[in-house]
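Engineer: Sharing a structure with you now.
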Amino acid sequence: TTINVKCTSPKQCLPPCKEIYGRHAGAKCINGKCHCSKI
């Protein structure tokens with residue numbers, strides 16, 4: 001899932017991703033935007 005959060009590293013994406021998927025969230029930073037996935 002792509003979310004509208006700007007990023008330079010995956011660490012910045014983990015908190016918003018955890019809000020969506022809980023503690024089983026995976027976070028990536030692709031093209032300056034956060035991508036969340038459920039692990």
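Using the three backbone atoms N, Cα and C, a Cβ is placed for every residue, glycine included.
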Engineer: Which of these, C13, C17, shares a disulfide with C34 in Swiss-Prot?
Structural biologist: C13
Engineer: In Swiss-Prot's disulfide listing, C29 is paired with one of C7, C17. Which one?
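Structural biologist: That would be C7, the partner Swiss-Prot lists for C29.
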Engineer: When DSSP is mapped onto helix/strand/coil, what comes out for C17 (disulfide bond)?
Structural biologist: helix
Engineer: Can you tell which of C7, C13, C29, I39 has the most other C-beta atoms within 10 Å, given these are the recorded positions?
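Structural biologist: The most densely surrounded of these recorded positions is C13.
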